[in-house]
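So that you can see what the record holds, here are the features copied from TrEMBL:
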type: TRANSMEM; residues: E:6-27; note: transmembrane segment
type: TRANSMEM; residues: E:34-54; note: transmembrane segment
type: TRANSMEM; residues: E:92-116; note: transmembrane segment
type: TRANSMEM; residues: E:136-160; note: transmembrane segment
type: TRANSMEM; residues: E:192-215; note: transmembrane segment
type: TRANSMEM; residues: E:227-252; note: transmembrane segment
type: TRANSMEM; residues: E:264-285; note: transmembrane segment
Ligand SMILES: Nc1ncnc2c1ncn2[C@@H]1O[C@H](COP(=O)(O)OP(=O)(O)OP(=O)(O)O)[C@@H](O)[C@H]1O
Ligand SMILES: Nc1ncnc2c1ncn2[C@@H]1O[C@H](COP(=O)(O)OP(=O)(O)OP(=O)(O)O)[C@@H](O)[C@H]1O
Ligand SMILES: [Mg+2]
Ligand SMILES: [Mg+2]
């Protein structure tokens, strides 16, 4: 079993690295389409988001519908930092610090919110996380932040009220969000962050802590009876997950020159959940593959014009049925066993 | 000093006095039985002892230390482990991992050590594997260490629960109907194993069981519960011949 | 036919201009993107029938961005792969800001038909067809002040929309200069854009004599209905987002009686250009065009005018085309559906807003 | 002709085969016991008979009619009740509601009331706890409820899966008496038990199951004295 | 007077949420699934009514047609997309499929009805009630909505608690296998639940669009989420809970806007929800069932 897990993880790393190498070769030889090239960073970001959510949904067994809220926090925190220090720090160190800040702030929020919220179960937890994501969205939506010679100014009302003095510049402008964030995200950094995320999640899961987390998921009362601290480990999983969600947010914020809260609504939280479930709950590699497939799919369907999202929806349903319906699973197993039997004969 | 001392334990649900003024006292190393008709409150006593329910009244002392009202987790840390009447395994985990989860507190390393795979991780994990297999071996489950716990037959699941409880290195082990769902032959084997555990793991055992062969075969002393109250207690043979016990519980 | 449009190895020796468009074709903002697409399609068809630009045919392809910045960049890249030489888009502001940054880096010519945020045309490659948020806010305040529409202003705006919030903020700033007092400014968000009774009541209680609505027409329709139900009789004043109000299917136009709006386009204007456009549009899509359709139409004609001024040819690279168009844009004057427009160096259009008042179920130009 | 004839059942869970050509029959008015080790397939047989699992192959004939393809809820209407393994009472409903649920297929209010009374008579504990949520009953109480609930459908035949599990000795005897009562009242019983000795002592006939197939059958008292059986299942 | 009129507006907005929430709760109660497509069935219901009315059909008949269409739609969705996943290894699988259905319905509507908003005619012709000399106005639609909500709650409560079908639903929601052993046709019962839920969705769609007369392919999405929130607020699975939850949500939304800030109204609503759930983890009417160990 151990060996199998190890092998499995190595395959995941190898696939990511192979993907990276293939893409890099295509980029250097110029044989990559603009679309694909533009998709590379978002793919990494969604994969990170999915893997991190899998820690909560798959391994900790809690349904969170507010993952996008934490990405939002990471994105805003890091983007504000980058905008403020744009002129005073060199690019790379600034971005590295931005990643840390995004992760940290999202993690701190995850921790604070997790304390009360993780007492709830199942669908109640889901709705509270969803609510939390919506609150974040609403608050950032009306947040204005500017800097002038006197320092930073914050307002949750109208930017009109915020009178900026000499050398004033708006950094966050309500619904318009943050524009002109330095575009520091790159495919290479994205891949490194994805590898790091996978590394953290799979190593965590296959450790003492991870065992405690999964045990609590499987049977909370039994877990308590063998002395596991339920709150501590749930909170730990949640906090690590939100921290990594923050990292995904940082990648997003530094990939486009427009950052608004619109992306970070419950639809995105749900979309990430779709990646996790479609890829197989608790299956890290599946999460990544599902994130890639479902992010790329609407782009590949562009040729279908008006029917694009319709077909996307249909494909999603069909994939779900194929992956999850017991009847489909039996069917697949039968085919598989027939196939392997034939091989034996040969 | 007594291993376990319970005084005047009470709990009621709504109007029902599920456990009423219950006393119990068990010496170190004893194999003690708790019997009584269905719904008498035996499982509830276990739940009170392990902090699943908080008693309305009463005191629970473990080796003289008051553990009344502590959380389940803390009570386990203090040295009480249990099995459940309706099996509660970590079904999606392997047999080995079920046991390793219970070794959690005995073999420590930091979360970060685990993520970074520092040498301490490998050392402790290896030690855990060895310890877990050793425990599984006692119950003849080592061969199935890689099976998902939920996929095992009923009888083996019961045994695995005992192993898991044992892995927390308890002073007091509470077994709730360990033989339920086992056939007579399996029950016979189980009796041997329970005795072996008591002798070799320096653990005191309190068990609930309806199988009189098992009870009379291994329990040294018994307490009989009836309608939440103690009916009688004493040496096994005496209790089992008590006419009141026969009337209320054994029949014939 | 042999109109092979999927081929990406286009520019060299190519016989057609490739204009890309980006906007929301699905999702809650789809109505705006589809309108722009329809308007632009119509313009392209006319141009091609009339012999094209500089004698070359035009291909136009619109990609969906679902009103999302990231998807908009994907759409932009898809269009680049297709061989786009000029971009008409994006339709909405936030995606436009993201796409503009890409386009600027590529030196791709960009004209947004309806992206109103200031930052939409940050780069030297970018132009705007519609009014910017500040312009609309300022012009609205000016108009209300100068024409004595009212003194005490109540505002209902969408705080989750940069368009709405942008206009409102600039309006509020400018109001002082015209002796107007904003007595109540009430927000709503895209997530709760059904019930406006509270906003209306607060404004009513504040004693406003004009309600300024820097929002779109679908919410306005609800506001008018609810105002009527609570018997709040006042002047409603809106911007270009209100165009389309009268053509909402099934809308009781009597509710809109007396509503004023500052818009460069009104579907029932009497000039020949508008009449023809509305008739053609109706024939093609069996709908009355909203202002977005006019924006899309004009944007294509702006490209045509600039292209002819700059004398570009389809075999030029996108970057060369951009250089040429950027110079020629400031030289042209477009007589479009949305007014007579010329462009400044910064990409902003110079045109006069028209004020209209709804009377008897019709826009009446003032 | 037998009341229930089961012929050549093959049942799979996914790719795992749980029954391999299981064949047996139950005559009207009999108690027939199925015994076998953990995982032999006893529960699977009962599930297949009452329609919860479709067999891959084989036939189930009840009162001369083929019920193999009939869905579970229709089989209840034909007169087979099932006391499932692990009780499966409706935890959120109270005791009374659970019992009423058992009479779901019946119409006559008066007769239902009669059945209720006779269940109360057999299980006085249930009568005391009519408004308690079934989920909070003790294990033994739940077993009584499951049994009472099955009787509420007034079945022609009742199949029971380990009804004595978790019951106190006095109550185990009680349960076996009740089973004999049920038989005496004219209901046929198919009984699965780990407590083979008790089961054989009240059964007319029995089948021994090993890894999904019947390996032995006969009169209950004969099996009770069979050396092989004694060693393997009676713990002697 | 302000307070009262806000309260009435809140209740009437809340009644719409409540009716949607009832559908959610019904389906949740049985299938234990969050039917994220529920809001979109509402949207379809609204379009059907609109099409029928503009086609000259009597509004009442139009509502009936819409209920039939939605019922069939709901049952079909259940059969095709949810039933195959009923025994899936994770309950989340069917949740995700519901999301797929939601996308599907939205995009079908987009293609069939177009993206442009359509206005609803004033077809509920109940005159407004004017109190306190016209200071306090209760619109006809609001009265109809509140009335409908009360009637539906009473009828559903009766149905679930007093009828055989209702009891069958409870049994199925707890243990499908055991329910079958009682002679309950599980498939039919689940189908019936979806039928009822979808018929309620049609009514909700009509009332939603009567109160807020505009429909687009995305009309159902946000009310769907709000109603889901309301259902949880009241204790998901509970019928009176859904009603109270819906109404409270409406009132809080309106009061939040009126007395705190219209800019952060959404945040206020959701904060109240979180606080309530922290105090009462299973919602206002949810049963806090302790697991028996
Ligand atoms: N959470 C609860 N709420 C209400 N009543 C309860 C609860 N837990 C237990 N009871 C009641 O308390 C009594 C004792 O239950 P308990 O489970 O302790 O019995 P037991 O002695 O273990 O019986 P058995 O041998 O049948 O398992 C029973 O009547 C049961 O119905
Ligand atoms: N849902 C399931 N999925 C896969 N395998 C199963 C399932 N249920 C039972 N099995 C397997 O089928 C076989 C027969 O199981 P069954 O439950 O019928 O045995 P049993 O004789 O009732 O045993 P017990 O005495 O433990 O109740 C066993 O090997 C079991 O592991
Ligand atoms: Mg018990
Ligand atoms: Mg069994």
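Backbone N, Cα and C atoms are what each Cβ position is placed from, and that goes for glycine too.
Put simply, of E:34-54, E:92-116, E:136-160, E:227-252, E:264-285, the stretch with the most CB pairs closer than 8 A to the transmembrane segment (E:192-215) is E:34-54. Scored on C-beta pairs under 8 angstroms, the neighbour of the transmembrane segment (E:136-160) with the top count among E:34-54, E:92-116, E:227-252, E:264-285 is E:227-252. When Cβ-Cβ distances below 8 Å are used as the criterion, the transmembrane segment (E:34-54) is approached by residues 20, 23-24, 27-28, 61-63, 65-67, 69-70, 73-74, 77, 95, 98-99, 101-102, 105-106, 109, 112-113, 118, 120-121, 123, 197-198, 201-206, 208-209, 215, 217-225, 227-228 of the same chain, each at least six residues removed from its ends.
Counting residues 6+ beyond its ends, the transmembrane segment (E:6-27) has Cβ neighbours under 8 Å at 33-35, 38-39, 41-42, 136, 138-139, 141-142, 145-146, 148-149, 152-153, 156, 193-194, 196-198, 200-201, 203-204, 207-208, 211, 223-224, 226-228, 230-231, 234, 236-239, 241-255, 258 in the same chain. If you look at the transmembrane segment (E:264-285), the same-chain residues 6 or more away from its ends with a CB under 8 A from one of its CBs are 229, 232-236, 238, 240-241, 244-245, 248-249, 252-253, 256-257.
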